[in-house]
């Protein structure tokens, strides 16, 4: 028997690609530890465990990291109102460093010098996985089969993988594969590739799995009261049926359920990948969409104007850092700490209506709001002297007068 080349921890999904990669790694002489993260996807984890063992995995780890995902990754994104290129709420981007962190922990525990993944050589995920691994385990060696000529020249498409699976008794679904790829976690589901690569093609009606079609969703709204402390949601109450959740995971799952029922969170976009190409993606982010709108509202209600301008600039940088895979970079740690500081007084309750694919803010209250009802009232003068506005306007007009004087002289 030939000597092992070493131990590799494979980020395993149980699907065709990573099942073939598991067997291929064994062919190359590696001992393989399969690691499957429960990050909120719809998966038969015990069946995946049995499959990995049958394929020859030396050991199988199935790790439930859903709560860690919510509290350590999703909540900072909610605090930041993190959104990439104005539309994408970063579901996959947030999940990858969370998954890879646990993969590194397992590799260290098992004294494995290699980690591996099934991400393609054209996408963002390879970057997110590997930058996390190198940050947390600098001496690690990474095996990325879809970047290795000996692998991608051998497996040029799904038919080659299917043939290899048949040869090695790798069980594959008997139903035809959807003509697109899908990635699911607690935050969202993404769909891309296949027929969706033509940006003109409409999403087929049967594509969406997390959200109901808004056109056929309920005609009556759910009214939710969402409570925030330091910019983090701490309680949700359905005012109609009095359902209430305050634990992070249960709260997020409940928002997914309500938003999904009403068709909230669908987007179809073309985005810029970090490696330089544009790609078309369709996303369902139900709970994330509700929290984005609710947090945006309570933050505007409680935060100083100039402070919020700076925070918005940081939020854009934060979204780019997450998308590009730099969660564990010094600049991202710095931005996260600044955003966390900005949230100290972001506390209160937001009332939202969820209906027909939309989230409507109905009202808000906060113990430390900068909103002064008497000061802003049209009916009460309060401490504000309207005459003071004259000087304010004249000072601000100086610059405009000078600009237009210059424009006039140019003619």
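In case you wondered, yes, glycine gets a Cβ from its N, Cα and C as well.
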In Swiss-Prot, L-citrulline binding by 88, 93, 124, 128, 181, 271, 283 extends, among 116, 171, 190, to 190
Cβ proximity for residue 190 (L-citrulline binding site), under 8 A, sequence spacing 6+, ordered by residue number, returns 91, 92, 182, 183, 184, 281, 282, 283
Residue 120 (L-aspartate binding site) falls, by DSSP collapsed to helix, strand or coil, into coil
For residue 93 (L-citrulline binding site), the close binding-site residues (Cα within 10 Å) drawn from 14, 17, 37, 121, 125 turn out to be 125
Whole-Å Cα distance, residue 128 (L-citrulline binding site) to residue 120 (L-aspartate binding site), is 12
For residue 124 (ATP binding site), the closest of the binding-site residues by C-alpha position, picking from 88, 181, 271, is 271
Rounded Cα distance, in Å, between residue 17 (ATP binding site) and residue 120 (L-aspartate binding site) is 10
Quick note, residue 271 (L-citrulline binding site) and residue 125 (L-aspartate binding site): C-alpha atoms separated, nearest Å, by 14
